[in-house]
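Q: As annotated by Swiss-Prot, signal peptide applies to 1-22, with the evidence given as sequence analysis. The domain 'UPAR/Ly6' annotation in Swiss-Prot covers 24-72. The disulfide bond annotation in Swiss-Prot covers 25-47, 28-34, 40-68, 72-88, 89-94.
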């Protein structure tokens, strides 16, 4: 069975479009927060925010890291202490705040 050229072209173009529509997250690091939208690798399923506060002074702004991640890590699996909080989400640019 021969498929028409226009049909094959439509399939190829739709595959290309799907490749460019992966998860997008903010990827950045800064005190108090940051914002830089970026496309994630295909292995990433979550956008993550990690906030780290100084154990000496809780009045300082936290160091905030935003990134793509495959899965949702928890503090204990990363070996991080009680001064770290992690939030995960699964939609585009959901790790804004």
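Backbone N, Cα and C atoms are what each Cβ position is placed from, and that goes for glycine too.
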Q: Within 10 Å of residue 68 (disulfide bond) (Cα-Cα), which of the disulfide-bonded residues 25, 34, 47, 94?
A: 25, 47
Q: In DSSP terms, helix, strand or coil for residue 89 (disulfide bond)?
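A: SS state of residue 89 (disulfide bond) = strand.
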Q: Output the one of 25, 40, 68, 88 that, of all these disulfide-bonded residues, has the highest number of other Cβ atoms within 10 Å of its Cβ.
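A: Ranked by Cβ atoms within 10 Å, first place goes to 25.
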Q: So what's the average pLDDT for the domain 'UPAR/Ly6' (24-72)?
A: 90
Q: Relative to the Cα of residue 40 (disulfide bond), which of the disulfide-bonded residues 25, 34, 47, 72, 89 have a Cα no more than 10 Å away?
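A: Within 10 Å Cα-Cα: 25, 47.
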Q: Would you say which of the disulfide-bonded residues 28, 34, 47, 72, 94 has the most Cβ atoms within 10 Å of its own Cβ?
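A: It comes out as 47.
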